[in-house]
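A.B. asks: Sharing a structure, written as structure tokens. Questions coming.
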Amino acid sequence: MENKKSFFHLHLISDSTGETLMSAGRAVSAQFHTSMPVEHVYPMIRNQKQLAQVIDLIDKEPGIVLYTIVDQQLAEFLDLRCHAIGVPCVNVLEPIIGIFQTYLGAPSRRRVGAQHALNADYFARIEALNFAMDHDDGQMPETYDDADVVIIGISRTSKTPTSIYLANRGIKTANIPVVPNVPLPESLYAATRPLIVGLVATSDRISQVRENRDLGTTGGFDGGRYTDRATIMEELKYARALCARNNWPLIDVTRRSIEETAAAILALRPRTR
């Protein structure tokens with residue numbers, strides 16, 4: 001029988017695409033087989049206003065914070081705020097930059113995204129990342145037909161991290177929460193361009209992830225129904241029926257990593273063209 005895994009929040013903050021952070025976070029997370037990260041990815045964070053909004057989200061769902069921000073004032077602001085709310089915060093690149101500076105006897109350029117060549121592929125990824133952030137969690141439904149992929153699913157089926165992962169590969173991705181008896185936007189049904197795909201998981205997996213969210217939430221949140229397995233099963237039944245009715249493919253993410261889920265979505269795309 002498979003051991004029950006625990007979940008923790010992993011916040012990844014980058015002033016560029018976030019790809020470096022995602023690779024580092026997953027490489028380390030893979031060393032801890034009994035715990036699985038709930039990833040929160042925040043790319044293109046380049047000013048204090050954006051960073052303050054991210055910190056508010058971290059405060060609601062505390063966990064490990066990894067970041068790659070070359071602006072030292074922003075990095076110090078993040079460090080101070082994370083210390084104030086009691087969460088660990090690590091600048092992933094800073095120790096490496098320090099070693100390079102010492103060995104080479106020269107300061108770094110401190111340039112955002114310096115590891116990326118400024119070619120068409122890079123700009124396509126930036127455009128896709130901006131699109132994914134603008135269309136996260138049901139936002140901007142009027143432009144769904146501009147998407148390459150639209151992901152739908154109930155809460156805690158990895159919609160956002162999958163969207164960001166696809167965006168890092170230049171795939172414009174929107175995601176929409178599925179809530180029983182709440183109609184999806186008409187613009188989704190009218191869209192002819194994107195692949196629309198549903199994500200599901202077992203009720204046990206979703207309940208475990210939601211329980212972790214509940215524990216990290218300060219007052220005013222009634223997690224009873226949110227984490228109740230019977231309620232989750234009804235949500236999943238509704239989502240499955242919705243996808244079946246519209247001939248939208250379903251992917252079960254229970255035992256899939258974000259990379260595997262994204263690969264499964266990409267494998268479906270040629271059939272839709």
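Positions of Cβ are set from backbone N, Cα and C atoms, glycine also.
Annotations for this protein, taken from Swiss-Prot, read as follows:
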- GLY153, ILE154, SER155, ARG156, THR157, SER158, LYS159, THR160: ADP binding site (BINDING)
A.B. asks: Taking the Cβ of SER158 (ADP binding site) as reference, which residues of that chain separated by at least 6 in sequence fall under 8 Å from it?
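C.D. replies: In sequence order, the residues whose Cβ lies under 8 Å from that of SER158 (ADP binding site) (at least 6 apart) are GLU39, LEU199, ALA201, VAL253, ILE258, THR261.
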A.B. asks: Among the binding-site residues ARG156, LYS159, whose Cβ has the fewest other Cβ atoms within 10 Å?
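C.D. replies: Taking ARG156, LYS159 as the binding-site residues, the minimal 10 Å Cβ count falls on ARG156.
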A.B. asks: Of all the binding-site residues here, SER155, THR157, THR160, which one's CB has the most other CB atoms within 10 A?
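C.D. replies: It comes out as THR157.
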A.B. asks: Determine which residues of this chain, when GLY153, ILE154, SER155, ARG156, THR157, SER158, LYS159, THR160 are set aside, have a Cβ within 8 Å of the centroid of the ADP site's Cβ atoms, and list them as they appear in the sequence.
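C.D. replies: Apart from the listed residues, the neighbours are ASN175, PRO177, LEU199.
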A.B. asks: May I ask which residues of the same chain, at least 6 positions away in sequence, place their Cβ under 8 angstroms from the Cβ of ILE154 (ADP binding site)?
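C.D. replies: In sequence order, the residues whose Cβ lies under 8 Å from that of ILE154 (ADP binding site) (at least 6 apart) are PRO177, VAL178, VAL179, VAL200, ILE206, ILE232, GLU235, LEU236, TYR238, ALA239.
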A.B. asks: Are there any residues in the same chain, six or more apart in sequence, whose C-beta is under 8 angstroms from the C-beta of GLY153 (ADP binding site), and if so which?
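C.D. replies: When sequence neighbours closer than 6 are ignored, GLY153 (ADP binding site) has LYS159, ASN175, PRO177, VAL178, GLY198, LEU199, VAL200, ALA239 within Cβ distance under 8 Å.
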